[in-house]
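Working notes, beginning with the structure itself.
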Amino acid sequence: MLDKKDVHPTALPSTTWIFGLFCLINLLNFVDRGIIPGAPTQFQFFIKETLHVAVGDESKYLGLLASSFIASYAGFILLFGYLSIFMKPFHLVAMGLFVWCLAVVVCGSAKPANSFYVLLFGRIISGIGESSFQCIAPPFIDDHAPPAQRTLWLGVFFSCISVGTAVGYEYGALMANSAWGWGWAFHLEAIMMAPLVLACAFCIPDMYNRASQDHHHHHHVPLPTDDTEDDPNIDDDSLVKPTQNPLAPMHDRQSFVMEVWAVVNNAVFMLTVFGTAAFTFSLAGLSVFGPMFLIGLGLFEKETEASMVFGSVVVVSGMIGTPLGGLVLDWSCRSRPPLRQYIALRQVFLGMSIGTALSLVAWCMLPNKWGFLLCFGLALCFLFATTSSNAIVILLCVDPTRRSLAVGVNTLLLHLLGDVPSPIILGALKDAWAPDCGSIERDGAIVLNPDCAKDFHGLLLSLLFPLLWMLWSVVSYGAAAFVVQRRLRLQGHDV
């Protein structure tokens, strides 16, 4: 008699609701990320009042708040990825999200406490929650989604990043300018996340809540590596076979360092990570200071209006681009499954190249408001279309049992090289190139310094910096695609 662990996935209950659970968690996490950049004048004034810094020196501290989660994220993302090989993944997610709820309550308490350091501490601890599910959700979706819809479901999951960030902009701006204040924006998040934590802890069937070493993955077609490049025994038949036999012994437990080394010892993986980090660097800087740029450049007068319009552009682009990118990849791979990873990498390179070019065209259109927003929105569609394809490349660079760890390594490095330094560097550049664009109090209201108009060209240069940085992403993805194409051609593939 077959054990329930050996039942084919198509015989198991629907996992759609679990995918939906992951999407809601991801959405709330990025709503939280959008609160601070959604109300920049309010938080800049809070920084000025609590740290007693001069007007024009707040931006670097605003950037620090936006990126401080990496302090805990860095310590836990690899730990959760490693533990998922041997422990039940949804229990790890529940533990991490419980800490996240406590962290956002601390963030909300910073306003009545009038303490920048309480807010900073809460932002630091919040990284634990994200680290617990970001390394587990993508491999789970890729394992259990219908084969023809895997990339589409990943696209839906990743579209929650742009949707959540955009909602966070509007939510943060509205709450910060309401009688409730921005402190309650954080408290309400904890209330909304609590039932999702309970669902992860108690509602996931055991057949889905299994460690990676105990799970029989679907057919896994790895990218060619240096070890297979000159191997005459590698052919199309061997490429389409699963790399993990269900009857094979379980994954041998290795040390943490050896597991991580097995992941990073791959040129295509590292080039893809560097490309993702460069893109994340640019996107994070624009996410934190985007509404501020729109106000300072004179495109909008009110903070709520700028956050709402910028957020709407991001959410519409994300909802169109991210799922569409997944659909295009599924369609492109319908007759060539052995080349799924190469096709995904090629799609990432093309989308990133077109998106970067369009974003630079949008910058050239400033200060034309609607020309900039239309062209920038189109650029974001192409950029977001790369998200799920990029995840496929990362997932299929490694042994199936290490996919959660690979996602963890990828996410850690893209944060360390991307959205951690980006807001701080861009904030420092903005303070240097546009020193009059701080927040002041006038007639009891917190507003942008009217002298900011004098720094128009400084703001333009500040905005150009993250757009040009995306060229590094194009170069990295192009190099990865070239390496894979060369290896496939040496093996006789027509690519």
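Each residue, glycine too, has its Cβ placed from N, Cα and C.
The feature transmembrane segment is assigned by TrEMBL to 12-31, 61-83, 90-110, 152-172, 184-204, 260-289, 309-331, 343-364, 370-398, 405-426, 463-484. Per TrEMBL, domain 'Major facilitator superfamily (MFS) profile' is recorded for 18-495. Marked as region 'Disordered' by TrEMBL: 218-246. Residues or ranges marked as compositional bias 'Acidic residues' by TrEMBL: 226-237.
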The transmembrane segment (309-331) and the transmembrane segment (463-484) contact flag, 3+ Cβ pairs under 8 angstroms: no
Contact call for the transmembrane segment (184-204) and the transmembrane segment (90-110): at least 3 Cβ pairs under 8 Å, seq gap 6+: yes
Residues of the parent chain within Cβ reach of the transmembrane segment (343-364), under 8 Å, 6 or more residues beyond its termini: 151, 268, 272, 275, 279, 325, 328-329, 332-333, 336, 371-372, 375-376, 378-383, 385-386, 389-390, 392-393, 460, 463-464, 467-468, 470-471, 473-474, 477-478, 480-481, 484
When counting Cβ pairs under 8 Å to the transmembrane segment (260-289), the leader among 90-110, 152-172, 463-484: 463-484
Segment confidence, the domain 'Major facilitator superfamily (MFS) profile' (18-495), expressed as mean pLDDT: 83
